[in-house]
């Protein structure tokens, strides 16, 4: 089989996409406060594996934002209609729509550059979640991203329904970290007549699992359910074909793999078969552009997704995103990037599994184990994951993860954490290298060695139930 490098690593001559690293501003060790890095290396690029949380700054995004600031300063309000770079602010979102269409597999009329993820999710729920007496439930995952959970619960409650009854939450099987596609399909088949909406993430934020969007959508629609997707961790990460898959709607943010910048403008998709769906929360930017500035009293929606626009978009945010998504097209699109991504993440996985600290995922459930270990809770099958690997540090619940994270940060390896025990690492194919992967695993081994020497804290003592009851009564008397 050969070494991990033999299996996954590309020679520079066979890795043309590596040139796109130069399109990005990569923070240095010094800038990231990597205190354990020597002074000689302090001004070298850090090892940034956090594109699943915030993508790096594309140089093109910086340039376009600077141009828009200059236009604001020199043209002021006239920039809406007479723009020196041909990006009139009246139509600034339209510059992004062709790129969105490519990235999610849609026509331009099916996508809109607008809003933010949760605001867009509420717009879509208001448009598509139409509960009846018999069909009123939402099928989602247990422990969905909190913003999605809040949206589901408040949408259900606003219709006079009880979230504990109207929301079906799917959990992995005991002893497993991720949902099986078969279990999702079974749940849809079993409860289909009562389900109004199936809404899942394209890629799960915590585990990095890539859901079978096409199969799940087909199953949901066959049962008469609407099927929507939160693509926050999927867009720019995995190839998508939303129109062909028959997805009803989808929403996404753009600051992760799309590199649109912190708090970047969002996006949504509405399938063409819903092009004339009534817009319940209309705004003037969703009105037909030809008469928008005539300000007629009656709303005339743009057909398709863009009719859901409400206010004029942030020009600076849209310009930054435009610069970012242009890089994807110049790189050849998602299929090419996905091939490189699979190699980078496969290499990361292989090197982690070669570590003396590696443990199989099932050991995360074995509470009696005392040895310091790291495991991967992301699916091993490349077809069931994106760029991200989620690492769990064992024994769980002992405060290992924060110590490891601190050690990584001090050495300039940037990932992010999910309490209490998980660190997420995501090599992004546009700017990460195979050497980044090697550096990250080497540093992780070094940090784990230090933590091992320092020792694992003992497990918290379990209180005897009889003693706990005695203490409770004593508290009551005090």
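Note that Cβ sites are derived from N, Cα and C of the backbone, with glycine treated the same way.
What TrEMBL annotates here:
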type: BINDING; residues: 117, 118, 145, 146, 147, 148, 230, 233, 255, 284, 312; note: pyridoxal 5'-phosphate binding site
type: COMPBIAS; residues: 468-478; note: compositional bias 'Basic and acidic residues'
type: DOMAIN; residues: 176-359; note: domain 'Aminotransferase class V'
type: MOD_RES; residues: 256; note: N6-(pyridoxal phosphate)lysine
type: REGION; residues: 451-478; note: region 'Disordered'
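Projection of TrEMBL feature records onto the structure.
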residue	record	Cβ within 10 Å
117	pyridoxal 5'-phosphate binding site	23
145	pyridoxal 5'-phosphate binding site	18
147	pyridoxal 5'-phosphate binding site	14
230	pyridoxal 5'-phosphate binding site	29
255	pyridoxal 5'-phosphate binding site	24
256	N6-(pyridoxal phosphate)lysine	27
312	pyridoxal 5'-phosphate binding site	17
Worksheet entry | Residue pair residue 117 (pyridoxal 5'-phosphate binding site), residue 256 (N6-(pyridoxal phosphate)lysine) - Cα distance, angstrom, rounded | 12
Fill in: Inter-residue Cα distance where the pair is residue 256 (N6-(pyridoxal phosphate)lysine) and residue 147 (pyridoxal 5'-phosphate binding site), in Å
16
Discussion item. Cα-Cα, whole number of Å: residue 230 (pyridoxal 5'-phosphate binding site) versus residue 256 (N6-(pyridoxal phosphate)lysine)?
Written reply: 13
Item to complete: Grab the pyridoxal 5'-phosphate binding residues from the record (117, 118, 145, 146, 147, 148, 230, 233, 255, 284, 312) and give me their largest CA-CA distance in Å.
Response: 31
Fill in: Rounded distance in angstrom between the Cα atoms of residue 256 (N6-(pyridoxal phosphate)lysine) and residue 312 (pyridoxal 5'-phosphate binding site)
23
